[in-house]
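This structure is in structure tokens; I'll ask about it shortly.
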Amino acid sequence: MDNFTVGVVVFPGSNCDRDVSWALEGCLDIRTKYLWHESSDLSDVDAIVLPGGFSYGDYLRCGAIARFSPLINALDEFVKSGKRVLGICNGFQILTESGFLPGALVANKNLNFICDDVELDIVSTKGGWFNNGDEKQTIKLPIAHGEGRYHCDSDTLKKLVDNELIALRYKNNPNGSSFDIAGITNEKGNVLGLMPHPERACDETIGGTDGLFTLKSLILK
């Protein structure tokens, strides 16, 4: 995978792009390239990460303005080609606003910003996410969000369950998410959105390495 490159998207207001790049390059030796949101040329990257932060200041709704950027418009063909896309926190919000993933991320039930480490059950490894030859069924990752409560209607929830599209569930739901959902994939399995931050759990010196389960999955084909 010497030539494999992960594009890390940068929006006005992104603040986790460097964290993602550090985790991929420093912990996994995976090459990264920053992609400014106005770019529509994705030809030289093999996978894409939409990082956390506050794209466009989260005006209107989280991810509501970012969905109109040229890069997100170009993402449609990228996804259709089968290449992998990971949306973390604000990136997950952008993926739902853009229609790449169903449902929505809304204000936490307690209306407060939550910053904590949470335990998560790996519910599905659809598309190869979290499936790196390890039998671990529970991981611990940090969360940091004010609008991270996953919400969908009953028909969508049934579809998520029936098609094994729920990747992660909270053990102790911190934000009121429907069905304790912390992360989901698309039907093809090459797009994953999750509210927890795997890039903040890639080295023991910063609290753990469970985030590697997610980031390693980017290099699968």
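Just so it is clear, glycine is given a Cβ too, placed from its N, Cα and C backbone atoms.
Feature list, courtesy of Swiss-Prot:
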DOMAIN    6-221  domain 'Glutamine amidotransferase type-1'
ACT_SITE  C89  active site, nucleophile
ACT_SITE  H197  active site
ACT_SITE  E199  active site
Restricting to the domain 'Glutamine amidotransferase type-1' (6-221), report the mean pLDDT as a whole number.
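Averaging the confidence scores along the domain 'Glutamine amidotransferase type-1' (6-221) gives 93.
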In angstrom units, rounded to an integer, how far apart are the Cα atoms of H197 (active site) and C89 (active site, nucleophile)?
7
In sequence order, what residues of the same chain, 6+ apart, have a Cβ less than 8 Å from the Cβ of the residue listed as 'active site, nucleophile'?
C16, P51, G52, G53, I143, A144, H145, G148, L194, M195, P196, H197
Tell me, how many other CB atoms lie within 10 A of the CB of E199 (active site), whichever protein chain they belong to?
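So the number of other Cβ atoms within 10 Å of E199 (active site) is 30.
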Within 10 Å of the Cβ of H197 (active site), how many other Cβ atoms can be counted across all chains shown?
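Here the count is 23.
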